[in-house]
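Below is one structure, written out as structure tokens; the observations come after it.
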Amino acid sequence: MKTIGVLAFQGGVIEHVKKIEELGAKPQLVKKKEDLKDLDGLILPGGESTTIGKFLIETGLKDQILNLIYEGMPVWGTCAGAILLSKNIKNQGSGVLPVLNIVIERNAYGSQLDSFKKEVFVPRFNIATECIFIRAPRIVEVAEGVEVLAELETPIAVLQKNILATTFHPELTSQNYWHSFFVENMVK
């Protein structure tokens, strides 16, 4: 059985756990370094990226997670998780886990009040998926080697080797396409 870690600090932790269970995988809440042991993949949920970044540094999780990513462990960042993984945050430097060759802009769609839901066609799935954007970032540039999986004017889902990033919250929908893609296609 595959074991998928979910960083349990902020965001839709419980919602991610439920999606993982629906797919027959075992969720593992990650709050400390020891929780990273024996994971097959890791999800970095949304929340506030600066606060999550401080948590990763203070707990020592940052270096451990980076090592696992460099070793090839699949990782998926949703919303703030995508910001954490970005090599370049527009006008702000890089994310705490700078492994994804994109430029991302924080809160690009506005405040909490500007949150929205949209159906977006995903060629890889050959279906439209529901996407929920809450204070979402916008991917403004992708480097060579980064595959754009879905777009809404600009990329909203990208894949670079073992790194998946979505600027929206798939865990808040009734669908399970993105979790299925991560668990069944990326996690070995």
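Placement of Cβ uses the backbone N, Cα and C atoms for every residue, glycine included.
Keep in mind that what you see is a predicted model, and the values were worked out from it rather than measured.
Marked as L-glutamine binding site by Swiss-Prot on the basis of sequence analysis: GLY47, GLU48, SER49, ARG106, ILE134, ARG135. The 10 Å shell around the Cβ of ILE134 (L-glutamine binding site) contains 19 further Cβ atoms across the protein chains shown.
In the shown protein chains, 28 other C-beta atoms lie within 10 A of the C-beta of CYS79 (active site, nucleophile). Annotated active site, nucleophile per Swiss-Prot: CYS79, in sequence order, evidence recorded as sequence analysis.
Neighbours of HIS169 (active site, charge relay system), defined as other CB atoms within 10 A of its CB across all chains, total 24. Taken from Swiss-Prot, the feature active site, charge relay system applies to HIS169 (among others), supported by sequence analysis.
Taken from Swiss-Prot, the feature active site, charge relay system applies to GLU171 (among others), supported by sequence analysis. Classification of GLU171 (active site, charge relay system) by DSSP places it within a helix. In the structure as shown, the Cβ atom of GLU171 (active site, charge relay system) sits within 10 Å of 26 other Cβ atoms.
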Original post:
Relative to the mean position of the Cβ atoms of GLY47, GLU48, SER49, ARG106, ILE134, ARG135, the recorded L-glutamine site, which additional same-chain residues have Cβ within 8 Å?
Top reply: GLY46, CYS79, ALA80, ILE83, ASN107, PRO137
Original post:
About how far apart, in whole Å, are the alpha carbons (Cα) of SER49 (L-glutamine binding site) and GLU171 (active site, charge relay system)?
Top reply: 17
**OP:** In three-state terms from DSSP, label ILE134 (L-glutamine binding site) for me.
**Re:** coil
Subject >> Integer Cα-Cα distance in angstrom, CYS79 (active site, nucleophile) to HIS169 (active site, charge relay system) >> reply: 7
Original post:
Cα of GLU48 (L-glutamine binding site) to Cα of HIS169 (active site, charge relay system): how many Å, rounded?
Top reply: 14
